[in-house]
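Working notes for the structure below.
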């Protein structure tokens, strides 16, 4: 296959997780640009909708989210704590999917936000995503609201280990998973035989023998108080909020909109489809973030 064909194929794979959407209007781009020009200390909140363009599926998008395409459901914090079987299934799936997940690269929205930060057009980025794509794109001032998949921690002590290093440990403990790449389905989900999961080996904490989990806020768990307090201070010192690629159905994200409106500050939202906070938005643009953000301020990438 020629290079052009390879690139087109990769583009199709990445776009398979992006919901159907209409082209963005030039007037909408102009409105958002004026919003940012008039408020150079805006706080940005990003959700899974900006990473779908990099090939990471979200949960809820109609027709293309994980809920619609697979039987995969998000891990519940209480189940992870109580059940060894649940922990084995989680880590086996995570182990198989990690090489693809960690190799994912930022897209135009991530790079645009990094540029806005350098140009002092935004205050900071709060992200609901655990994929570290903002960091890969070069953004410096980031709060990972729900933690990161790139760090593994002990549930009982202060032990922490980088996820790449943990992958090496899992590989050495599970030689039967040498055919792991074949367990990734064309739709991106992971299908692992039951006997593999039952025999999957997970190390315990080397300091206290406790259970290890990614530094991610699972469903049913709480965002750490110090993180919420830091975000509240950022909202208080901002002059508005820009929400990108989030339905805001998870309360931890919706709360940021509520806090912003309590301070009588404006909110702009760019998202394909409806969000929980559309009725609170001063600007709502129903479009793909990658069709909007890179076009702001007459930016043209180098050729």
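Even glycines carry a Cβ here, placed using N, Cα and C.
Features as listed in TrEMBL:
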DOMAIN    22-303  domain 'Deacetylase sirtuin-type'
BINDING   47-67, 128-131, 245-247, 271-273, 289  NAD(+) binding site
ACT_SITE  146  active site, proton acceptor
BINDING   154, 157, 205, 208  Zn(2+) binding site
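Feature map: annotations from TrEMBL on the structure.
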{"residue": "131", "record": "NAD(+) binding site", "contacts (Cβ under 8 Å, 6+ apart)": "51, 54, 56, 101, 104, 149"}
{"residue": "146", "record": "active site, proton acceptor", "contacts (Cβ under 8 Å, 6+ apart)": "128, 129, 130, 216, 217, 223, 252"}
{"residue": "154", "record": "Zn(2+) binding site", "contacts (Cβ under 8 Å, 6+ apart)": "160, 205, 207, 208, 210, 211, 212"}
{"residue": "157", "record": "Zn(2+) binding site", "contacts (Cβ under 8 Å, 6+ apart)": "205, 207, 208, 210"}
{"residue": "271", "record": "NAD(+) binding site", "contacts (Cβ under 8 Å, 6+ apart)": "47, 49, 243, 244, 245, 246, 247, 285, 286, 289"}
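Sequence-ordered, the extra residues of this chain that approach the Zn(2+) site, with Cβ no more than 8 Å from the Cβ center of 154, 157, 205, 208, are 155, 156, 158, 159, 204, 206, 207, 209, 210, 212.
Neighbour density around each Cβ, counted as other Cβ atoms within 10 Å, peaks among the binding-site residues 47, 55 at 47. Cβ contacts within 10 Å of residue 51 (NAD(+) binding site), excluding its own Cβ and spanning all protein chains shown: 27. When the binding-site residues 205, 208 are compared by the number of other CB atoms within 10 angstroms of each CB, 208 has the fewest.
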